[in-house]
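Listed in TrEMBL for this protein:
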COMPBIAS  463-484  compositional bias 'Polar residues'
DOMAIN    20-451  domain 'Major facilitator superfamily (MFS) profile'
REGION    210-236  region 'Disordered'
REGION    462-484  region 'Disordered'
TRANSMEM  21-45  transmembrane segment
TRANSMEM  61-81  transmembrane segment
TRANSMEM  88-106  transmembrane segment
TRANSMEM  112-139  transmembrane segment
TRANSMEM  146-165  transmembrane segment
TRANSMEM  177-196  transmembrane segment
TRANSMEM  266-287  transmembrane segment
TRANSMEM  299-319  transmembrane segment
TRANSMEM  331-351  transmembrane segment
TRANSMEM  357-379  transmembrane segment
TRANSMEM  391-410  transmembrane segment
TRANSMEM  422-445  transmembrane segment
Amino acid sequence: MSRGEAAGRGAAQAQDQGWAWMVLLAAVVLQGLTLGFPCCIGVFFTDLQQEFQASNSQTSWFPSIMVAVLHGGGPLCSILVKRFGCRFVVMLGGLLSGLGMVSSSFCKSISQLYLTAGLITGLGSCFSFQAGVTVLGYYFVRWRTLANAVASTGVSLGFTLWPLLSQYLLDKMGWRNTFLIFGGILLNCCVCGAIMRPIQLASGSLLESAKPEEEPGSGAEEAQLSNGASPHHPTLQQHTRRTKCFQMLQKYLAFDIFCQNKGYQIYTIGVAWMMMGFGLPHVYLVPYAIHSGVEERKAALLISIIGLINIFIRPFMGLLSGHRVFTGRCIYLFSLAVLLYGLSNFICVISAEFNVLILYCVILSIAMSGIGALTFQVLMDVVEMDRFSSALGLFTIVESITLLIGPPLTGFLVDITSDFHYVFYNSSFFLISAALFMGLSFCALEKKNKLREASKARLDNPSRYQYSETPTEPKAESQSPPAVQYITSI
């Protein structure tokens with residue numbers, strides 16, 4: 001047996017078995033620590049307001065920045081993963097997350113929280129989560145779908161446990177000491193990263209090691225050098241820099257797809273509009289319940305109920321969307337989930353009693369599970385997989401902007417009116433309008449494409465078209481190595 005064959009067999013043995021399952025366990029913990037953490041911020045909302053004498057709008061900027069950076073830092077994370085590897089980036093993210101929360105415990109103003117807990121912790125969570133998801137693609141081939149589904153349960157576990165722990169520590173030792181402890185807990189992301197040791201894949205195995213890519217613009221530079229141009233010539237240097245910038249934008253931010261692909265354009269605009277109202281219940285539900293007379297412990301329990309139901313409903317929604325009935329039509333199931341999310345908010349407007357709020361959390365969690373399970377499946381349906389990574393970059397950046405501005409604008413409205421009902425009115429408006437926009441637009445686009453295909457078929461072969469339909473053979477799906485992708489979860 002040659003050395004190359006032995007290396008290939010060793011690489012194959014490292015995948016889908018043995019240490020790969022330890023990596024999967026680390027990924028579950030990692031997602032619970034990173035994506036689950038922002039859900040508990042609402043528990044501290046009232047205490048932070050009283051501590052810093054801040055308005056609803058000012059206080060809501062803190063969780064908004066954290067969530068926006070967590071979602072929008074994908075392109076930067078992707079660059080770091082390509083340069084330093086997944087293990088380093090996960091551990092760097094854990095270090096930043098812990099440092100951000102420890103620093104937050106010493107903050108003297110709400111604006112300092114924007115930098116420490118918002119920017120630093122949010123960026124650290126982004127690095128740890130997205131690099132942790134990427135490494136699963138290298139450790140799992142045959143069981144990759146199962147591995148990603150199991151890893152996503154960490155989000156639901158985080159939603160369940162973080163609010164309960166937050167309320168317990170807040171009652172015992174106050175928010176500053178609680179943030180200090182949270183810093184230590186988030187440092188466990190470094191432990192998870194240490195478990196994710198690099199896997200060396202040999203050429204010829206299912207997944208190959210990343211090969212150095214040709215630098216953007218190198219072909220043009222070589223052509224000019226062959227014509228006698230100096231490599232230090234100012235014009236050549238400017239041209240090379242412009243080419244490299246353009247290639248980077250094409251790779252990580254797919255503006256060309258946005259302009260040419262109507263489906264991607266509709267979906268990106270619809271999800272961005274939806275995000276204006278999506279995060280409002282998570283930020284304001286606990287303050288609204290406390291303001292309405294619900295005990296603080298019961299109010300924190302509401303977020304945990306959402307997470308607990310997510311554990312069971314999200315896998316079911318994933319299986320449902322995989323049924324052949326919804327093949328290529330997941331956008332309609334997604335729009336239905338968004339519509340249900342928006343309509344459920346009216347329950348809070350009707351009554352703020354604890355039993356009614358529990359019913360609201362159950363319905364909200366079902367809708368939220370559908371949105372979380374289908375968000376990236378729909379994106380895969382409307383974008384070719386070879387451009388999925390770059391399309392996802394623009395998608396996450398756009399949604400992070402609306403996630404950032406949604407809660408503060410609604411908080412400003414609550415400050416003016418002193419009425420928390422406007423939180424749920426706003427959320428319903430954005431979600432319902434987004435659901436109708438996406439559903440109706442894709443329906444019209446589908447009809448337009450069918451008419452175009454029918455017209456083209458008549459022009460190409462009119463005689464044959466009269467008697468039979470042209471058979472179409474399914475294209476074989478190509479197995480390609482997993483690109484470094486930046487993935488968010490809702």
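Yeah, the Cβs are placed from backbone N, Cα and C, and that goes for glycine too.
Counting Cβ pairs under 8 Å to the transmembrane segment (331-351), the top-ranked stretch among 112-139, 266-287, 299-319, 391-410 is 266-287. By the Cβ criterion (under 8 Å, sequence separation of 6 or more), the transmembrane segment (112-139) is in contact with the transmembrane segment (21-45), since 3+ such pairs are found. Here the transmembrane segment (88-106) touches the transmembrane segment (177-196). Their Cβ atoms form 3 or more pairs under 8 Å, with each pair 6 or more residues apart. This prediction places the mean pLDDT of the domain 'Major facilitator superfamily (MFS) profile' (20-451) at 83.
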